[in-house]
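Enquirer: Got a structure for you, written out below as C-alpha cells; questions coming shortly.
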Amino acid sequence: MANDIDELIGIPFPNHSSEVLCSLNEQRHAGLLCDVLLVVQEQEYRTHRSVLAACSKYFKKLFTAGSLASQPYVYEIDFVQPEALAAILEFAYTSTLTITASNVKHILNAARMLEIQCIVNVCLEIMEPGGSVGEEDDKEEEDEDDDDEDEDDEEEEEEEEEEEEDDPEDFADQENLPDPQDITCPQSPSKTDHLTEKDYSDTPRDFPDSFQPGSPGHLGVIRDFSIESLLRENLYPKANIPDRRPSLSPFAPEFFPHLWPGGFGAFAQLPEQPMDSGPLDLVIKNRKIKEEDKEELAPPPPPPFSSDFFKDMFPDLPGGPLGPIKAENDYGAYLNFLSATHLGSLFPPWPLVEERKLKPKASQQCPICHKVIMGAGKLPRHMRTHTGEKPYMCSICEVRFTRQDKLKIHMRKHTGERPYLCIHCNAKFVHNYDLKNHMRIHTGVRPYQCEFCYKSFTRSDHLHRHIKRQSCRMARPRRGRKPAAWRAASLLFGPGGPSADKAAFVMPPALGDVGGHLGGTAVCLPGPSPAKHFLASPKGTLSLQELERQFEETQMKLFGRAQLEAERNAGGLLALALAENVAATRPYFPLPDPWAAGLAGLPGLTGLNHVASMSEANN
C-alpha cells in the first residue's frame with residue numbers, strides 16, 4: 001500500500017504572502033469586503049477584522065470575546081491619535097512603519113495600548129539617547145549595502161574591499177541590537193557626553209593613552225580592538241594565563257643583572273597618567289555606541305616599554321646600572337630565554353598593527369545549510385536564498401531582487417549611470433570588476449595562467465574557456481615545412497611533381513669532399529625522368545643563355561619563398577631585414593648542386609660552374 005501512494009511535492013511561492021497583503025490593502029482603500037469601522041476623533045478607518053487580530057493582541061481579544069453576530073460593526077477608539085492609528089494600519093497591510101520624530105511618542109503609546117510588541121521595540125530603540133530617526137534609516141540602508149557572500153570570483157574581490165571599510169559599521173550594528181529581555185522596560189539615559197563631528201575628527205583613535213586627561217569633555221578610553229582590550233571585555237577566548245609578575249620574579253636576580261652592558265642606563269621615567277574608570281565608549285564613523293555593560297572596568301595597563309612595566313615584573317632588580325655581558329654564551333642564553341615559547345603567555349601582547357586590525361564580528365549559523373554568517377543582521381539576507389523571497393522590485397521593469405544593492409546596480413541600466421571611470425581612456429563601466437578587467441588592457445597584466453601550456457589571460461572566464469576546450473593538452477601532429485634540402489630538390493621537378501617512372505640520380509664520388517651536410521662517397525637522390533626535367537628540351541639542343549635564364553628563375557623562386565617564410569615567422573619587415581643579414585653568412589643550399597657537377601663535362605657549358613655556386617643572398 002505504501003508503494004501505491006505518490007510522494008507529496010511541495011512547491012513554495014515566496015511572493016504569495018506579500019501579494020495577499022497587497023490585495024487586502026487595495027480592498028481596504030477601496031472599501032471592499034471591510035467588516036469593521038474604526039472611528040478616532042471623527043475620522044473613519046475601514047479595515048478587516050482578521051488583519052487587525054493577526055497584528056494586535058488587543059484586537060484579537062476584542063474580536064474573539066463573543067460571537068460574531070453579537071459584535072458591532074463600528075468601534076470608537078479614544079486612546080490613540082489618528083496619525084498613530086493610520087501608521088499602524090499601514091504597517092499591518094504593508095509591513096512598513098512610517099514615522100517621524102514628532103509622532104514617534106504617539107505611535108509608541110498606541111502600540112502599547114494595542115499590544116503590538118514589534119512596534120514598541122522599534123520606537124524604544126529610536127527614542128534611546130544618541131539615536132534618531134535619520135540614523136535608524138541610515139543604519140538600515142548600510143545593512144542592506146554590506147555584501148555578505150560572493151556570487152562569482154570578480155564580485156568576491158569587490159565585496160572584500162567594501163567590507164574592509166564597512167566592518168566597523170557591522171560591529172556598530174551588533175552593539176546596537178536591543179536585548180529581548182530588557183526591551184520592554186525603559187532604559188535610563190546615558191551619562192556619557194555626545195561627540196560632534198568636529199570633536200571626532202580631532203580625536204586620536206589609535207591608542208588609549210593618546211588622550212589628554214586634563215582636556216575638557218574627556219570621553220575615556222576608545223576601544224582599539226587589541227587582544228588585551230578584548231580579554232577585558234570577555235570578547236576573546238581567554239586561556240589559563242598564570243600571574244605574570246610572581247612567575248618572572250625568581251629569574252630576575254640570578255639571570256638579568258650580568259647580561260646588560262654597563263653603559264646602558266635605566267629606562268626613562270614616564271609620569272603616570274590618571275585614567276577615568278568609566279565605561280568604554282566606542283566611537284565609529286561619527287556614531288557613539290552605548291555600552292550595555294554597566295560595570296566599571298579597570299584602567300588599562302601602562303605602555304609596555306615603560307620603566308614601570310619592568311619594575312613591576314622584576315621587583316628585586318638593583319637600582320644601579322646593569323653590568324656588562326660576561327660571555328657570548330650568556331648572550332645566547334639571554335636571547336633563547338626571551339624567544340622561549342612559554343613566555344608568550346606571560347608577556348602582554350605588544351600593540352602590533354595586526355592586533356589593531358582585529359575586529360570582532362557577530363556570527364550566526366544558518367538553520368538550513370548550517371553555514372556560519374559573519375556580521376550582525378546578515379542572516380535574514382542569507383535566508384532569502386533558501387526561501388526565494390525577493391522583496392526589492394524595480395519600479396520600471398518590475399524585476400525583483402533579494403538584495404537592495406543588486407537593485408541599485410540594476411537601476412543603472414535604466415538611468416545610464418556608469419560610476420566607474422578609466423583614468424587612461426575615460427571609458428565608463430557599471431561594475432567595479434569590469435573596470436579592473438579593462439585596466440589590464442593598459443597595464444598588460446595577465447594574472448590568470450594555464451598550468452598546462454603556461455598561457456596567460458586577463459580574465460578568469462577566458463582561462464576557464466581555454467581549459468574547457470583542452471586544446472593545450474591534446475597531442476597534435478607537427479605541421480612544419482619540409483627540410484631545406486627537400487624543398488630545393490622539389491624545385492628541380494615540374495609543376496606536377498615527379499612521375500611514377502622517376503629515376504635515381506647518383507652523385508659522383510668526386511663531390512663527396514665538397515662542404516655540406518652530406519658525407520660519403522655517393523648519395524642517392526630521387527631524380528626526375530628525362531621527359532619531366534627542366535633541362536630536357538623538346539628540340540634536343542639547349543643553349544647556355546637559356547640554361548642561365550632558367551637557373552635564375554629557380555633562384556628567384558627560392559628567394560621569394562624564403563621571403564614569405566620570414567614574414568610569416570617574424571611578422572614584420574624588421575625581422576625580414578634581420579633574417580637577410582643572418583642569411584648572408586649561410587647559403588640556402590646546404591648540399592652542392594648535383595646538376596652543376598653532371599654538366600661540367602659537357603662541351604660549351606663550362607661557364608655554368610660559377611652560376612651554380614651562387615647563393616641566394618648574393619643574388
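Cβ coordinates are placed from backbone N, Cα and C, and glycine is handled just like the others.
According to Swiss-Prot, the protein carries these features:
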{"type": "DOMAIN", "residues": "34-101", "note": "domain 'BTB'"}
{"type": "REGION", "residues": "129-219", "note": "region 'Disordered'"}
{"type": "COMPBIAS", "residues": "134-173", "note": "compositional bias 'Acidic residues'"}
{"type": "COMPBIAS", "residues": "191-208", "note": "compositional bias 'Basic and acidic residues'"}
{"type": "ZN_FING", "residues": "364-386", "note": "zinc finger"}
{"type": "ZN_FING", "residues": "392-414", "note": "zinc finger"}
{"type": "ZN_FING", "residues": "420-442", "note": "zinc finger"}
{"type": "ZN_FING", "residues": "448-478", "note": "zinc finger"}
Enquirer: DSSP says what for the zinc finger (420-442): how many helix, strand, coil residues?
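Expert: For that range the per-state counts are 11 helix, 4 strand, 8 coil.
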Enquirer: Express the predicted model's confidence over the zinc finger (420-442) as a mean pLDDT, rounded to an integer.
Expert: 89
Enquirer: Tell me the residue counts in helix, strand and coil for the zinc finger (392-414), as DSSP assigns them.
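Expert: The counts are 11 helix, 4 strand, 8 coil.
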